[in-house]
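Q: Take this structure first; my questions come after.
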Amino acid sequence: MRGRRGPATAARRVGASGVTKRNRAAHPEGGTCHQRPLRARLLRAPQSPPFAGYCACGRSAGWSRDVGLTGERLSGAGGAMGRGSRPRGPFLLPLLLLLLLAAVASGEAPSLPLVLNTWPFRKAAEAAWSTLLAGGSELDAVEKGCGQCEVEQCDGSVGYGGHPDEHGETTLDAMIMDGNTMEVGAVADLRRVKNAIGVARKVIEHTQHTLLVGESASLFAESMGFPSEDLTTQSSLSMYLQWLNRNCQPNFWKSVTPDASKSCGPYKQAAKFTKEERSVSKKRIDVHNHDTIGMIVIGQNGSIAVGTSTNGADHKIQGRVGDSPIAGAGAYADSTAGAAAATGDGDLMMRFLPSYQAVEYMRTGMDPTIACQKVISRIQKYEPYFFGAVICANTSGSYGAACNKVSGFTQFHFMASNPTLKQPSEQIIDCI
C-alpha cells in the first residue's frame, strides 16, 4: 500500500514496506530507486565488486525490513557460488561484514532506540524520547509519554475532562506491559485519579494482579499516594448537557425500551428489536468517538515496553471497559518478537486481539507493516466499516502501521522517534 505522491511536508508518508516516499531517488541508470532491505542486497549475485550497480539512495528516515544474516543463501553464477549453494571458504565472513557495514553506512539498517505512538501527539512522543535519552528505562519512557497525554488531555480522548459516560462522569482506562518479563499492570473505570498510567504501573510493582477496576482501583490508587481529584471539567459537563438535549443521541444501547434511538433511559430489555433498528444504532456512533494513545518503546538493548491511556468512548454505558487496558487488545509487547498497539472502536477491536496477533505475525519474520495490515484485514472480514488502526514494530526497530478506510478516515497519522529521525516526526499512511 503506497501513499500518493504530493508536495513535501513535515510529515512522512509511509508505504506498504514501511519506506517513506522521501526514500525514493533517481536511479543512476534511469528509473526510480527504492531503498532496498539488506536481505535483498545479500541475495544479489556477487559477480562484480561489492555493491557495484546499486543505486545510491539517500539515508532512510524510516526503516522497513527486519535484517537477518543467519542461514541466508547467497546465489550467484558459476563455481562455488552457484544458485542454491552456500558461500564457502575464508571469504564468507569478510564479505558479510562488508555488506553489513555498507548497508549501515547507507542508512539501510533499522535503528534503535525507537518510540512509536498512535496519533500525532508530539509532546507525548517528546516526553518518552527525552526520558530514554536521559537514561530512563523503557517502562519509564512509556509512563512519561502516556502521562504527558493525560496532562494535556490529548484530543479530549485521554485524561481527565474528556468523554463523559452516560451519567456525565469521566473515567479512565490504562495499561502498561513489560516485554521482558511479560508483566502487565492495568486499571479500568478509574475514578477521581488523573494519572491512570501511573496507577497501572503501580499494579505491576506492588501487586500480584494484572487488572484492577472501578471504585476498588480508585481506592488502590489513593493507597499508593495518588491524589483524589474531580475528573469533571466545564468542557466535559457541557458535552454531557448537550448530549442530554439531543435525547441522549448517540448511545450504546440496543434491544431496549423505550427506543434508545429516540429517547433517554432508564431502559429495560425489549421483547423485539429489528435488524434495521440495530443497524441505525451502530451508524450513529461517530468514528472519532473512540481513540486513545498507544505507545511502543524499544530500548537500545532491544527491551520493549508498551502502554495505553484513554477516557474511553463518549457517552459509554457506566462500567464499560474498552480494549485499552486489555493486554493483547489495546497493546502487547514481547521483547523476543516485537510490539503493537491499537486505537479505534475498542468494543469491536478487542474481540480480535489485534495487538497480540500482530506480534505473533512478526515473530515469524513478517514485516511490521504487513503484520499491521493483516490484522486490519482480518477485522474487515467481519466488520468492514469499523474505525481502527494499529502500529507495529519488530525487535530490530523496523516499524509500520495500518488503518481501515471509512468515510471521514482515509489516512492515519502517528509519531515515530529514532536516532535517524533526530526528533519525533509525524508519519502518515493511507488506510486500506
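Each Cβ is built from the backbone N, Cα and C atoms, and glycine gets one as well.
What TrEMBL shows for this protein is this:
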- Thr292: active site, nucleophile (ACT_SITE)
- Arg320, Val321, Gly322, Asp323, Thr343, Gly344, Asp345, Gly346: substrate binding site (BINDING)
- 1-16: compositional bias 'Low complexity' (COMPBIAS)
- 1-33: region 'Disordered' (REGION)
Q: Across the record's substrate-binding residues Arg320, Val321, Gly322, Asp323, Thr343, Gly344, Asp345, Gly346, the largest CA-CA distance in angstrom?
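A: Across Arg320, Val321, Gly322, Asp323, Thr343, Gly344, Asp345, Gly346, the two farthest Cα atoms sit 16 Å apart.
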Q: Within a 10 Å radius around the Cβ, which one of these binding-site residues has the most neighbouring Cβ atoms: Asp323, Asp345?
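A: Selected residue: Asp323.
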Q: Looking at the binding-site residues Gly322, Gly344, which one has the fewest other Cβ atoms within 10 Å of its own Cβ?
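A: Selected from the binding-site residues Gly322, Gly344 on minimum Cβ neighbours within 10 Å: Gly322.
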Q: Can you give me the Cα-Cα distance between Asp345 (substrate binding site) and Thr292 (active site, nucleophile) in Å, rounded to a whole number?
A: 10
Q: C-alpha of Gly322 (substrate binding site) to C-alpha of the residue listed as 'active site, nucleophile': distance in Å?
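A: Roughly 10 Å, rounded to the nearest whole number.
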Q: Give me the CA-CA distance between Gly346 (substrate binding site) and the residue listed as 'active site, nucleophile', in Å, as a whole number.
A: 9
Q: Counting across all protein chains present, how many other Cβ atoms fall within 10 Å of the Cβ of the residue listed as 'active site, nucleophile'?
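A: Counting Cβ neighbours of the residue listed as 'active site, nucleophile' within 10 Å gives 30.
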Q: Fill in the CA-CA distance, Val321 (substrate binding site) to Thr292 (active site, nucleophile), as an integer in Å.
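A: Computed Cα spacing between Val321 (substrate binding site) and Thr292 (active site, nucleophile) is 13 Å.
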